[in-house]
């Protein structure tokens, strides 16, 4: 069995200093001392270190009351610490009996109680700071992770229950945070600092157990087992079943012996259960019941989730079946679509092949006609070539003339510039010479200033040396004065020590007054604290009332929210179905627009190909553009048709009338036209007409409009052709000069009017809208050409507008599809969120209801605490009145003591005058030294300023010298430049004479070339008329070829659209599809039937509505989750069943153990009762014998000669003996390592004290007894005695004495 070895206290109640009590291994130890000295604090310390959670049981209000609160001479400590050491004699390796404390009967001469007190306080503060919990460093955190068993989270005892009924269970007490706390606290955020401790783990020996408990004023608390941090539960586990557990019967505190009889039957049962060793089974049962409740709660949540997942799985199962049907029908539709597309591709390829064969024939015909036209173009080109040669020579001559004129202008400008520069150089040289003279004078003045500053620098250095010597002398004088002052102050300190000794005589009286005042102050603080706690409890009750109302509202609100969410979910599902139907319709519309867009793109490509390749032009023009010979600056701007736009109703009329003119090649210069003619004569066969753009400087004079050539009138029935044509890119009205037919052309409403006007105006051309052209006595007509350049471009513009419209509609449609997809996604997300909110609301409603019930229980506990605070307020008020009455007498004693102190102070002041004179002398010497130091610093600063000024002047001298050299160089360079410019002007005058003669010769040659050019142009116009007829036949063939090109382009566009459909629908390209040989190629009715079937399948797919293709995968995942939840549900059911079986087994074991212990203790109780009373009868009985598991225990006691029905009718002494008899019965059945009895013998008379002591001696053979007593008989029975004194007010001290050896020697 364990034995109590040692008890250490620090800062616990009145034991502010480190105090140690060493107990013998067995027998009896007595603790004695006067009332109020702190004897019972030792018993409280042992109860506290073993885990007592009730501040009331420790004679306090709050748990912080156990921390030393301070006195007049001592400040409060920062913590309370108690360590309890027990040993196992069979395994302990050290000494069981410690050496005695040496007690001396006299004080040493140098003993200083104040110094000893101060040293003790410092030691306590240092130790408190050392063990104070805090945030760990990185190295300490690593150490803590390496040894997790040595650390535990700090706990707070500020909120510990203050009554026995409110004591927290060990499972959630200090050192073991609850589940809610564990969910909030981050385990890595704040940890307990790993720190060095005075009780290191390596000091404990085998067979030794040391339990330590600490409580800090911050509210942090910790438990240690053999120096390692542990939990309260660990401490309870060690002592559970030994009589030292939570229901301890081994520690009988002052006044508690009678409570054993007056307590409730259920409380007495707890003592018997502790003795029977079933407390640990009770704890296990309580934990098992808690686990059972948690498992049931988890099962309820799992059942809810299981039901929800089951419903979700059934829904997904239906969606998965629909998705399977959809996928099957979609695969059939795609297979049918593959056959249809492959057949259509084959038909399109065959039709394109036929058109390309016809296109080849038409191309050969065009080549034949082109050769015929080419011969005539060659003849026309020879005539044009001479005109180009003349134009080139004229151009070169004009360029030479322009170059000469530019050179003459530049030479004149250069000569004027040189003359101005020469005048500027003369003025600059004069200014530079003047600046050189001024700078030379400045250099002389700077050299004089430099010499003066050097003399000042030498003088400043000498002054600094003298000031340093004077400073050293005055510093020595100041040091001597300070030494004299120090000697006198030492003598004065000796006098002050004498006064201090006199003050100590008065301090004893003042201490008593201060203690009384402090007690009143403490009572005031306690009154304020209790008032605050009362107010806090009142506010807490009010707050709980508000919270209860709030929780009720939250519960109702949660239910209302769940109902509202159900309605919103129904609406969201309806909106989602509608949006999905709109999305299907929008996608169908987008597919139609894409097909139309592909057709328009094909048509646009065909038209652009014909226009870009100039398919409407002559072969010569086409080959000229295709050859690429005209590059860089000679690139053609296009043909004349590119510069004209005509109203739609006049397009065919203008195209037939200006058939040849529209093919004119527009170039930017005559050089480009010459290069084109060269190509037509060489690499490119054929003829062409070139039109020079008005931007050319030579051609612009040919485009001046002669208004005199116009008809004198414009009939109202006639529309001038120029009004129907809009000319682009710089031609404007000047195009009428180049094309006389344009200025003389008119459009009439019918042929009769045209014929009549043609006879009246033989120079004009009159065109009817039916295609006839009347000129003088000729008329031209016939079938109109199908398409010309103007109509092709107009058609291209129409196609481009259609493409823009379709693109806009397609973008809108795609945006609509995207918007609907986004809305569907948002609605899906909203639906999911609403369902999540609904589930969360259901959980919140459940949580609110549970919290509401907890709050009502908490309100009941707060009401009980409120009543306790009211009773405590009354007690504090009564004690304060008693203390105030005692202060009056103490103040009279204090006045006499202070008078003596004032006499000693007067003597001290008389000796202070000489000390003031020495201080004045020291201050004067220090002041003189400071002035000398300041003067030396000023002279040093003057020396530094002189050196800096000298350096600045030397820098200026260098700069001025450099400036003089630079100015002389500028004067020399100006003279050289003036001479060079005068020589250049003479050369320019000679060149001007030569350039004047060259310009006159060039002007004469230009006039000759202009005359010859006009003659050549007239001949070219005659040749062009002959080409007109041949080109008309060629244009008809080209029209047919254009139609064939358009047909091929249309078929290719259809093929591209189907290829895009193939990729989008089948995810396969056209070549890959055509490579599949096993696909049948349908034609005619078979193809139409297959196409209809695949469209019907597509319609069925669309009619199926939205299909969740992810349902298959979601169904699998939900099924797996369903299976997992089912497994979890089964595990919880098994856990609940196992826990219930465990509780039943615990109930059976505890019943057997209790019955056995009850019978044995009852028998021992009866024997001890008879022994203490000398007869009589005492026994226990169950209040409910039919239900022994939960029955309370009643005590029946009948002393000799009495027959009592209630133990409460016994006297105080009889109650004590009866209760002690019960304790003896318990100890005889289940002895505890030690037993503490606090003034249990107080109510007993001398006879009963003797009996009591005799029984204690008998029991001390097995159990170690610690008796706190005032009885001399009891003291005599103890071989070891501890005396508790309070020499210093409010501070308890311990003195121990062993009597056993002295008694043995006396007997010998």
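The chain as shown is numbered from 1 upward.
Heads up, the Cβ atoms here are built off N, Cα and C, so glycines get one too.
Of all Cβ atoms in the shown protein chains, 22 besides its own fall within 10 Å of the Cβ of residue 39 (ATP binding site). The ATP binding site feature in Swiss-Prot is assigned to 34, 35, 36, 37, 38, 39, 40, 41; the stated evidence is sequence analysis.
Over the coiled coil (278-600) the predicted model carries a mean pLDDT of 78. The feature coiled coil is assigned by Swiss-Prot to 278-600 (among others), with sequence analysis given as support.
Taken from Swiss-Prot, the feature coiled coil covers 791-1046 (among others), and the record attributes it to sequence analysis.
Sequence-remote contacts of a segment are chain residues at least 6 beyond its ends whose Cβ falls under 8 Å from one of its Cβ atoms, and for the coiled coil (1110-1148) they are 281, 284-285, 288-289, 291-292, 295-296, 298-299, 302-303, 305-306, 309-310, 312-313, 316-317, 319-320, 322-324, 1189. What Swiss-Prot records for 1110-1148 (among others) is coiled coil, and it gives sequence analysis as the kind of evidence.
Positions annotated as compositional bias 'Low complexity' by Swiss-Prot: 137-169.
Residues or ranges marked as domain 'SMC hinge' by Swiss-Prot: 637-757.
Marked as region 'Disordered' by Swiss-Prot: 115-181.
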Other CB atoms, at most 10 A from the CB of residue 38 (ATP binding site):
25
Do any residues at least six apart in sequence from residue 37 (ATP binding site), in the same chain, have a Cβ closer than 8 Å to its Cβ, and if so which, in order?
14, 1284, 1285, 1286, 1292
Fewest neighbouring Cβ atoms within 10 Å: which of the binding-site residues 35, 40?
35
